[in-house]
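What Swiss-Prot says about this one:
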BINDING   HIS73, GLU74, HIS106, GLU107  Fe cation 1 binding site
BINDING   HIS240, GLU241, HIS273, GLU274  Fe cation 2 binding site
REGION    159-183  region 'Disordered'
REPEAT    71-97  repeat 'HEAT-like PBS-type 1'
REPEAT    104-130  repeat 'HEAT-like PBS-type 2'
REPEAT    200-233  repeat 'HEAT-like PBS-type 3'
REPEAT    238-264  repeat 'HEAT-like PBS-type 4'
REPEAT    271-298  repeat 'HEAT-like PBS-type 5'
Amino acid sequence: MASSAVDQPEGVDETILTLRKVLVNESEPLARRFRALFSLKYIACLQPPTEKTLPAIQAIAAGFTSSSALLKHELAYCLGQTRNPDAVSYLLEVVKNTEQDAMCRHEAAEGLGALGFDTSLDVLKALRDDEKEEDVIRETCDIAVDRILWENSEERKSEKLKPSDFTSIDPAPPLPMASSQPSISDLEKTLLDTKLPLFQRYRAMFALRDLASPPDLPTAVEAVEALAKGLKDPSALFRHEVAFVFGQLCHPASVPSLTETLSDQKEMGMVRHEAAEALGSLGDVEGVEDTLKKFLNDPEQVVRDSIIVALDMAEYEKNGEMEYALVPDSAAPAAVSAA
């Protein structure tokens, strides 16, 4: 990692320094490090950027020295949400590093796609076309390339997108609004058609997500049920994204399919971990906390780590805390939400 990311900076805001120290300290409880990360993410994502933006980005990037694949993948996600070109170099370094965990590299590629800068295209295309790379890396780079091309296209300017309840920058935008809106069954058909480009299928996924929020929307349960079918897709990347979307939605109708995914010991760790964290966001639903506790000693490290974070999130949901974050005494309270 570049020295600017790991060296102790001088003249940096005390709050950022405090959060950074917690984030990079391997002796700190993982849940506390996650809360520090989400506090830094809030600062790094402020628009317009402030004098704290770059130090917050550098503080997040400093965490890539961690031994936790779960934490590193979340760092990459947070950097991808900043809309800031200063995050690009850190993500490029991670995605090119074949010694990094595949889950972390995938999230770095996705983050580059979310940032949308065409300077990342050459690296992403090379990884997409490299037959020696793992499927999850190639597929993520494929979607990221398509998203960057879309972001910088004339087509994007002419598309009318349905306003979303979610502020996240997604791997793909929802399908554009048309004179006659596609039915949930039409979107489900696109979602599950493995012959279509992943980018197009992701667009259907996020269109379905937006039809499931708020939870009392008449289309919500049907949209959740359609999305749940994606958890049987042959692509692990695709399955993990469905679980992530369920974590955003926090809809009780997703609990059975998420529980089934987490319980499947043959499922890939990156999918099970996402199911665990999604269940954590549903911590106020009866039985969810007990389900999570069953996997505290799971054989897979990333799943065990996710359970720790998920139980912390579940506690936050039950207690109705204002923000899932670690706000030092010197910082003014800010509404910070988990990714």
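Cβ from N, Cα, C; glycine included.
Around the Cβ of HIS106 (Fe cation 1 binding site), 26 further Cβ atoms fall within 10 Å across all displayed protein chains. Averaged over the repeat 'HEAT-like PBS-type 4' (238-264), the predicted model has a pLDDT of 98. GLU107 (Fe cation 1 binding site) sits 11 Å from GLU241 (Fe cation 2 binding site), taking the Cα positions as reference. Under the DSSP three-state reduction, GLU107 (Fe cation 1 binding site) is assigned to helix.
Using a 10 Å Cβ-Cβ cutoff, GLU107 (Fe cation 1 binding site) registers 27 neighbours. For the pair HIS106 (Fe cation 1 binding site) and GLU241 (Fe cation 2 binding site), the Cα-Cα distance reads 12 Å. For HIS240 (Fe cation 2 binding site) paired with HIS73 (Fe cation 1 binding site), the C-alpha to C-alpha distance reads 13 Å.
Under 8 Å, Cβ to Cβ, and six or more positions away along its own chain, HIS273 (Fe cation 2 binding site) finds LEU70, MET103, GLU300, VAL302, VAL303, ASP305, SER306. Of all Cβ atoms in the shown protein chains, 26 besides its own fall within 10 Å of the Cβ of HIS73 (Fe cation 1 binding site). Secondary structure counts, DSSP: the repeat 'HEAT-like PBS-type 4' (238-264) has 24 helix, 0 strand, 3 coil. Other Cβ atoms within 10 Å of the Cβ of GLU241 (Fe cation 2 binding site), summed over all protein chains shown, number 27. Comparing HIS73 (Fe cation 1 binding site) with GLU274 (Fe cation 2 binding site), their Cα atoms are 11 Å apart once rounded. Cβ proximity to the Fe cation 2 site centre (mean Cβ of HIS240, GLU241, HIS273, GLU274, cutoff 8 Å) flags the following additional same-chain residues: ARG239, VAL242, ALA243, PHE244, MET270, VAL271, ALA275.
Apart from HIS73, GLU74, HIS106, GLU107, the residues listed for Fe cation 1, the same chain places the Cβ atoms of LYS72, LEU75, ALA76, TYR77, MET103, CYS104, ALA108, GLU110, GLY111 within 8 Å of the centroid of those Cβ atoms. The Cβ of GLU74 has fewer other Cβ atoms within 10 Å than any other of the binding-site residues GLU74, GLU274.
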